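Just below is one structure, and these are the notes that go with it.
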């Protein structure tokens, strides 16, 4: 947990109980959890936790760079706690999201600015895929 306290402090945030447990829950999920995934993983041990606290805390984390919002199949918000720069592949069948390492598949450098005075802050790529688990039954 000291590592999580340090993460929060580096982001300029106080290390409150809810922030620590939500940050830990994000780190414990191997895939990109939804708010419901995080809430469900914590509610048994923390019955006073509310979904709105999870939503609000994730919003603070996203604004401060501790995690990022991930789009995927469906309309549920998912978060990604992986700090290094990477992209995603989203299975168009089951909705699972996979990390794609930019060291393996690098992207071109984005322009500094786009038309209409839009300043580019970053570039992310989302691959639309069919994962091996969904592909196997169709191939069998």
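Every residue gets a Cβ built from N, Cα and C, even glycine.
Taken from TrEMBL, the feature Fe cation binding site applies to 87. Cβ neighbour count for residue 87 (Fe cation binding site): 16 (other Cβ atoms within 10 Å of its Cβ, all protein chains included).
For 91, 94, 131, 134, the entry in TrEMBL reads Zn(2+) binding site. In this view, residue 91 (Zn(2+) binding site) is surrounded by 20 other Cβ atoms within 10 Å of its Cβ, with every protein chain counted.
Here residue 87 (Fe cation binding site) is positioned 21 angstrom away from residue 134 (Zn(2+) binding site), judged by their C-alpha atoms. A Cα-Cα distance of 16 Å separates residue 87 (Fe cation binding site) from residue 131 (Zn(2+) binding site).
Around residue 131 (Zn(2+) binding site), the C-beta neighbours below 8 angstroms that are at least 6 residues distant in the chain are 89, 91, 93, 94, 96, 98. Those same-chain residues not listed among 91, 94, 131, 134 yet with C-beta within 8 angstroms of the centroid of the Zn(2+) site C-beta atoms are 92, 93, 95, 96, 129, 130, 132, 133, 135.
Most buried of the binding-site residues 94, 134, judged by other Cβ atoms within 10 Å, is 134.
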